[in-house]
Amino acid sequence: MERELEIKQPANPVETASCVSRLFFSWVTPLFKKGYRRTLQVEDLYACPKWERSERKTDRLQAEWDREVRKLKRGQQPSLFLAIVRAFGFTYCMVAMLILVEECFKNVMQPVMLGWVVRYFSAPDSISRTEFLLAASGVSILGGVHIFTHHPYFFNMQRMGMRMRVACCSLVYRKALRLSQAALSKTAVGQMVNLLSNDVNRFDQSVLFVPYLVAGPLQTAVITWVLWQHLGVSCLAGISFVLLYIPFQGCLGRAFSKLRAKTAALTDERIRQVNEFVAGMRVIKMYSWETPFANLVDAMRRREVHRIRQTSVLRAVNMGLFFMSSKLVLFLCFVTFALLGNTLTSECVFVSMALFNSLRLAMTLYFPFGVGQGAETLVSIRRLQKFLLLEEQEQSSLLNGPKLRPKLQNCAVVLNNVTASWNKDLREPTLQDICATVKPGELLVVVGPVGCGKTSLLLTILGELNVAAGDARTLGRVAYACQEPWMFTGSVRSNVVFDSPYDADRYRRVIYAAAMERDLSLLPYGDRTLVGDKGVSLSGGQKARVNLARALYYDADIYLLDDPLSAVDTAVAKHLFEACIRGYLRNKIVILCTHQLQFLRSATQVLVLREGKMLGLGTFEQLQRGGMDLESLLEEKSEARPDARRESDPFQAAPPGSETLDAASPGALFESNMSLAGSYEQLDAEPQAEQKADVGAQPTEVEESRSTGSVQGRVYWSYMRAGAGPILMPLLFVSSVLAQAIFNGSDFWLTYWTSMSEMRTNESVWEPTESNNTSAAADDTWSWWSSWWAALDPVTYNVVVYAIII
């Protein structure tokens, strides 16, 4: 992490590029030159432009979404789609104007002008030289219009898709940090991962083709008017086919939408199951359950692939109709034109083919993509909206407090008859009538059996649980050390310092208070040792102390410590209590959840919980005089000793009603047992066994492998074998060649038909070839076919051959 932060990206040249440079994209030329000379590295990538920063795009979308959420108070349904439209709609429409110019002006006028050029060479007397030169110049100018509309359109639309995707990703991130505990129970990490990795990616494709839902019909109207001038009523045959194709695409869009929703649900389920399997991988391997669980994942993946295959079949049908539509449209149009007694000319055929090809791209390729991608994007937006409407934790003074940090003597935690629950729908609240007041310099120790509500009490103070009754107030800066330590990939120091500025003296005192000095001396690079993914290079006890040290270094006023003494042995626990809790934090507000009764005498107050209810509050002596047997209370759920997590059966299931955060899972307990090898007792080993850390050296990470050069042929061969196989691949190749030959043959025959029509028009005579009348010696069947074929008039003859080819 620290190494990555040192990478300085070069400034993005687009920020200082001129209009001409942006128009011709010459600002990326230096990057292409550098990539031509050598392989590009991460540090070669340009920094993000200021106007593309995620904060700016997210804040804009967040403001519009908050506006939509306020509709709930009026009984209306919020719409993430409308929020996206208001946030990015204006810029999106301005960019979409480029494609309207290209499709409705350039792609119509260029074939018309090319038709004038063709007419000049086929019938020179019908057009003057001046008109020919103007038409030729117009073709060149319109070619430049294509350059300045097509590529800027797709470039800027991709940027629009990126903005929408990044903004929605940030909304999901922000929402995930505000979810209430009840909402977290209704969702899963796999679902959020799917939203961030799959659903938001729909914006990148849909924004490119959605404008064709408007440009396509508009272009159809313009081209219909132009074709009417050249073909008359015959053009309606081809136009009708294109228009009938639109409702069919609507049906395909609905089918795509349904399949997309079903596929997304299966993907969510698969990711959720895989995450659970990975989390419990140690237990799975210990019991040799790899094969059954692999079969479960394989079965889920097969169901998902079945839906993906159905989507692929629909997409193949869609693409097949796209390739067929161009020939079918021309066939219907020209056959109708010829049967009505008209003569095909080069200008008529060329202009019609060019216009129908433009219409084909817009209505049978881009328009269907717009329908399909738009439908899938709407499904993704609904999934994002459903997540963004999940219940959030209540915003209160528990987290915010005053804007200015109060003086330490004015800080306090006050709980007055607090009743809270994880979910508002629960019949029995998690905590009932909890009362306590903690001031600076005081230590409140919370004890009780597993599932009594210790963690829930700390989360209530943090504002994570819904307070149904009573008053919970927190004044001051809060630090929280959770029960299950968490690590991010980086060094030990970066995990302790986190995002606070580094202070050497404070860091040294924190390391001593957290009993990490000897640990760091044994690590190969001291506090610069990389902890690995999720702290894999540290033991359970070391991770717990790093987690505690992070809270200590934060320099807060109020410290909430959730059982930090359970993952260490007695000696380390004693040091942590004396040097950390009663030493380093002696002037702070400390609320400690623990099972270790030997430290209760040093507590200012002891709060005893059972089943979410407060059994007693006072000093240890006061509770004893009141006749409370704390040791028997803790033995109620198999936690008779403070290190019960290590001594009790690690695979004993938690009793019904126990809390998930307090009752560790078998995998977590097993990991806790395995982590004892890193306890403080090992640090008291023989001095000669110690390996002193080389604090001057720098840790190194294994660089990921990178392949360079072109893709090898065997990769393509493996890809083709996986997709088709040795039998189907030759058939697929032959069918592709045959289809292309038929397509080229139809164009060749249309050229021949046009040439013959123009010759007959000039000569006004039709003489069948003599060979067609010399079949008297053939058999009867062939003779009949020959005579019928020879008797066909030229129009029918060309139409029949054209129909056979099509």
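For all residues, glycine too, the Cβ spot is worked out from N, Cα and C.
Caution: TrEMBL annotation is automatic and unverified by curators.
For reference, TrEMBL has these:
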COMPBIAS  636-649  compositional bias 'Basic and acidic residues'
DOMAIN    107-364  domain 'ABC transmembrane type-1'
DOMAIN    413-636  domain 'ABC transporter'
REGION    636-665  region 'Disordered'
REGION    684-707  region 'Disordered'
TRANSMEM  80-101  transmembrane segment
TRANSMEM  132-155  transmembrane segment
TRANSMEM  207-225  transmembrane segment
TRANSMEM  231-252  transmembrane segment
TRANSMEM  316-341  transmembrane segment
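Tertiary proximity for the transmembrane segment (207-225) is limited to same-chain residues at least six positions away from its ends with a CB under 8 Å from its CB atoms, namely 92, 96, 99-100, 103-104, 107-108, 154, 157-158, 160-161, 164, 235-236, 239, 242-243, 246, 355-356, 358-359, 362-363, 366-367, 369-371, 373-374, 377. Residues belonging to the domain 'ABC transporter' (413-636) score a mean pLDDT of 86 in the model. Packing against the transmembrane segment (316-341) from elsewhere in the chain are residues 227, 231-235, 237-238, 240-242, 245, 248-249, 252, 348-349, 352-353, 356-357, 359-360, 364-365, 368, 372, 739, 743, 746, 750, 795, 798-799, 802-803, 806: each is 6 or more residues past its ends and has a CB under 8 Å from a CB in it. If one looks beyond the transmembrane segment (80-101) by at least 6 residues along the same chain, the residues whose Cβ comes under 8 Å of a Cβ in the stretch are 57, 60-61, 63-65, 67-68, 145, 149-150, 152-153, 156-157, 160, 163-164, 167-168, 207, 211-212, 214-215, 218, 378, 381-382, 384-385, 388. Counting only same-chain residues 6+ beyond the ends of the transmembrane segment (132-155), those with a CB under 8 A from a CB of the stretch are 23, 25, 95-96, 98-99, 101-102, 105-106, 109-110, 113-114, 116-117, 120, 208.
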